[in-house]
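Going by TrEMBL, these are the annotated features:
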type	residues	note
ACT_SITE	Asp41	active site, nucleophile
BINDING	Tyr105	substrate binding site
DOMAIN	143-260	domain 'Pseudouridine synthase I TruA alpha/beta'
Amino acid sequence: SGVMETSNDQSIVGVQNYLEKAAQNLKPIVPIKFHISSRTDSGVHALSNSAHLDIQRAPGKPAFNEKELVYSLNYHLKPEPIRILNAHRVTDSFHARFSALSRTYVYRLLIGCAHYSEIPVFERDLCWAPVGGCLNVPAMRDAAQFLLGTHDFSTFRSLNSETPFQSPVRTILQVDIRPSSGFLSHHYEHRGLEFWELKFRSRSFLYRQVRRMVGALVAVGQGKLTPHHIKELLERKDSRAFPPNAMAPPSGLFLKSVEY
């Protein structure tokens, strides 16, 4: 349902709501707020996101150690597909979102499906299978080079309430396109399905920027765009210039890590 907290009148519940509900079982004096590094959208996954929180315990109660905190929160998160992996004590000046040096996202593609019904059931909602056979990966890699470095990414962002207050300039530190393995894929190699991963690293990304970049690169792989079209889209600096219906779906996107 996305990371961000949702209000009581909304039918979907954000990851933040579950975290804060679990944290209330630690019996803090003041309700605990989670400040989450990367605000992933509904349908997007995280292999490892990060957050910071302050805990005020009753007078005389010792501070939690890291292991206690991880075990306690996970005990109360048990029913949900959310797990705390690690906890570290940090200084007051640390901020999970603003102290990050970079964020790495991985987008998983499944190639070789003529119809969505051919996606392995164990991979449902965990990848994108663009219809239409193989992709021209060398052309996609050529196109990806235009995205590297510092650019105005206005064409590659979706508009939201933050758009007027946010600079569209971002620096892409890394773009990789490489073969990958699927879950249990060695058991159905005979079906001719191929998994590929697109990896992007930047200090921060604009709203839906990664999904738009992936969609444009896949369009290059399908021959609908040329690598040079990516350069032209960047130069347009206009979100309306982005090809209609080319944005990749959220299902294949994973926040891999946040680096400090």
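Glycine is treated like the rest: Cβ placed from N, Cα and C.
Straight-line distance linking the Cα atoms of the residue listed as 'active site, nucleophile' and the residue listed as 'substrate binding site', rounded to a whole number, equals 13 Å. The Cβ of the residue listed as 'substrate binding site' has Lys199, Phe200, Arg201, Phe205, Val210, Leu253, Phe254, Leu255, Lys256 as same-chain neighbours under 8 Å, each 6 or more residues away in sequence. Shown for the domain 'Pseudouridine synthase I TruA alpha/beta' (143-260): DSSP residue counts in helix, strand and coil, namely 44 helix, 32 strand, 42 coil. This prediction places the mean pLDDT of the domain 'Pseudouridine synthase I TruA alpha/beta' (143-260) at 94.
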